[in-house]
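Participant: Quick one: the structure is below, and I'll ask about it shortly.
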């Protein structure tokens, strides 16, 4: 618990996390509310829900990149700490889980305030999530997926080359963009539950509706989202990535941080 609180404090006072995470998220919200909304006057709730899903996917992946950068500075000494101190791979991973959960809950409140206030002002009506619990749970669920993913990626740079560390930290963000926007513009629904990035986006959209949303908005009469399958999908991905990251963490060897400076 103490280690997690230290991580949370460092993240919240980190100018890169604040600037790249929260400030860019609000810029993204404002762009959706005032610049790209001219053709959606007929369905403000649907438009807000779809944009909220995109914002959740983008903002959580950006904070995952911040976590990745933080882990990159730890990874050089983790091999010593897990062998010659009381720090264990499981405790380190659980501390990261708790860190991301607390941080993303704070971010989700700020994000919800931004979406509700700006989109409600834009469309002249109060637009609120219908399921607040699902809205916050989706953000926590995304953190449970991103933590072992970024940890595994940073561990891979220790094994291969630390010069790749900074670039690897942005992989979750680029994957979120690629899968999120690709799915939004595709007609495929069969692979939705296999893709945790898509599931995170769809669950956020579902929080604005009392009825199951369609898996593909290009086919409004097609299959609808199953919340149970969606949550199970992300949890399975999180478990598999956690097991892989713990296994690799046990096999890490020392590689100095200075190697990553010669880029």
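Placed from the backbone N, Cα and C atoms, the Cβ positions cover glycine too.
Automatic, uncurated: that is what TrEMBL annotation is.
What TrEMBL records for 12-37, 49-71, 91-120, 132-152, 164-183, 227-249 is transmembrane segment.
On this model, are these features tucked inside or out on the surface, and what's nearby?
Facilitator: Below 8 angstroms of C-beta separation, residues 7, 10-11, 14, 16-17, 20-21, 24-25, 28-29, 32-33, 96, 99-100, 103-104, 107-108, 111, 115, 119, 129, 138-139, 142-143, 146-147, 149-151, 153-154, 166, 168-173, 175-177, 180, 184, 197, 200-205, 207-209, 213, 217 of the same chain, each at least six residues beyond the ends of the transmembrane segment (49-71), sit close to that stretch.
Below 8 angstroms of C-beta separation, residues 56-57, 60-61, 63-65, 67-68, 71, 93, 96-97, 100-101, 103-105, 107-108, 111-112, 169, 172, 196, 200, 203-204, 206-207, 227, 231, 234-235, 237-238, 241-242, 244-245, 248-249 of the same chain, each at least six residues beyond the ends of the transmembrane segment (132-152), sit close to that stretch.
Counting same-chain residues at least six beyond the ends of the transmembrane segment (227-249), those with a Cβ under 8 angstroms from any Cβ of the stretch are 78, 82, 89-90, 92-93, 134, 141-142, 144-145, 147-149, 151-152, 155-156, 159, 193-194, 196, 199-200, 202-203, 206, 212.
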